[in-house]
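Listed in Swiss-Prot for this protein:
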- D44: active site, proton acceptor (ACT_SITE)
- D44, G45, N114, E115, D144, A152, T155, A156, Y157, N158, L159, S160: NAD(+) binding site (BINDING)
Amino acid sequence: MIFSSIAFVAAETEAAKAALARLEQRYPHVDPGEADVIIALGGDGFMLETLHRFVDRRVPIYGMNRGSVGFLMNVYREHGLIERLSKAEEVILHPLRMKARTASGEEVEALAINEVSLLRETRQAAKLRIRIDGKIRMDELICDGILLSTPAGSTAYNLSAHGPIIPLGAGIAALTPISAFRPRRWRGALLPHTAKVVFEILEAGKRPVSAVADYTEARDVVEVEVREDRTCDLVMLFDPEHNLEERIITEQFLP
């Protein structure tokens, strides 16, 4: 791939801002709104922020790690950037779209690149009913919470909650409970990526629940619908020797 106009964006850390200054001195660059590729300098959190920021542009984003976690980032090097971009492999992600309805009647809609999670707000456990494509699959789940993860997000919160790591292109999503009390032995499910999942919050007044799509939170929800948004393409670029598919496989063999 040959790119004619590059933009740089950076997290608000000293390391990221210092890298930004050096790279902008070294390479011709334009404003992000005019670029045909964006270089994101930071960690995974900043990469998610950048993907959300430019979601309507479908501009490829190439991350370089200047943060603490860099699963979604390439190795930081200042030299040879143009050549690296020309050899980079493209990964297209489709985010989840969350539609949440709160107790006050407010409708909250947001995209999630990693996962949509439902979490109890108080000492009371959450009590949920789960519908998949209109059919009740679990009439009552008592838990601290539950999440629906994309393949790209399966190594994040999902993995910490003991959910499965999913290869890119598998065409599935992970439904993973968080500290399930009843049914105690339920460990979640793998769903087709086309599935529409609806969570109904039972006893919502007594057991308040929040819903979070990446970093957009809705409090006191009573119903949450989640499904993949195939109309939204998020384009990421990775070095061939360390692409996202390879990282997901490697993550499964870490000690």
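Every residue, even glycine, has its Cβ placed from backbone N, Cα and C.
Sequence features annotated in Swiss-Prot and their locations in the structure.
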residue : record                       : contacts (Cβ under 8 Å, 6+ apart)
D44     : active site, proton acceptor : G67, V69, G70, F71, L72, M73, A156
N114    : NAD(+) binding site          : L48, S149, T150, A152, G153, A156, Y157, N158, D214
D144    : NAD(+) binding site          : L119, R120, A125, A126, I178, S179
T155    : NAD(+) binding site          : F71, I165, R247, I248, E251
L159    : NAD(+) binding site          : I165, E251
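Here the Cβ of Y157 (NAD(+) binding site) has 19 other Cβ atoms within 10 Å, regardless of which shown protein chain they belong to.
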